[in-house]
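Asks: What TrEMBL records for 37-59, 71-87, 93-113, 120-139, 145-165, 177-195, 207-227 is transmembrane segment.
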């Protein structure tokens, strides 16, 4: 297994643009009350940088590994979702919801269906059912069903990421841990959005949502290079 120190040295420089773009977003902190194409660009810029991060590993790498391509596609739909949510008060919230639903389907496919890990699945089912039961009294109309479907999709994504992390044996890798943490942070971000939008105002909601969201996307993007790390490790044996 490739050591975390080696990973930081090899992948850290490629993530510098992402960290800079994230800092720009939080420093500018453009008001959400006046949506514009510029605010959409600033919000999406860190995700664009993650596109570049994956592309920096080469088109041959993306061509050989379907999971990396699916995560890149997920990032593309995420950027579209971010753009739609800039204008959510103008009626584009559902559009953003759809883009992120597609993202979670792509990420789930990238994480794969093995191992199954029934115990993790049951825990996720219980947690997601509890979350939806808390949201349900505040939902009405189409959102009653749309939110239910979305919760199911992100829960499935979380299950597939968590299932891959096998800490009880020597099969785990730092990239599986990265995928797991990324999925959990994505769930935290989306749950905060749901509570803040449908239930009651969450203090510092925007900071919580965006910090966990950007961290989640970075960690999931890092998980895409697992195949490359395995190949490097084999060459060193």
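Glycine is treated like the rest: Cβ placed from N, Cα and C.
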Asks: So which residues does the transmembrane segment (93-113) touch in its own chain, when a touch means Cβ under 8 Å and the partner is 6 or more beyond its ends?
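Replies: Sequence-distant neighbours of the transmembrane segment (93-113): 66-68, 70-71, 73-75, 77-78, 80-85, 142, 146, 149-150, 153-154, 156-157, 160-161, 163-164, 179, 183, 190, 197, 220, 223-224.
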Asks: Determine which residues of the chain contact the transmembrane segment (120-139) at the Cβ level, with the cut-off under 8 Å and only residues 6 or more beyond its ends counted.
Replies: 147-148, 151-152, 154-156, 158-159, 162-163, 191, 194-195, 198-199
Asks: Which sequence-distant residues neighbour the transmembrane segment (37-59)? Criterion: at least 6 residues beyond either end, Cβ under 8 Å.
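Replies: Tertiary neighbours of the transmembrane segment (37-59) are 14-15, 17-18, 20-22, 24-25, 28, 30, 68, 71-72, 75-76, 78-79, 82-83, 86, 214, 217-218, 221, 224-225, 228.
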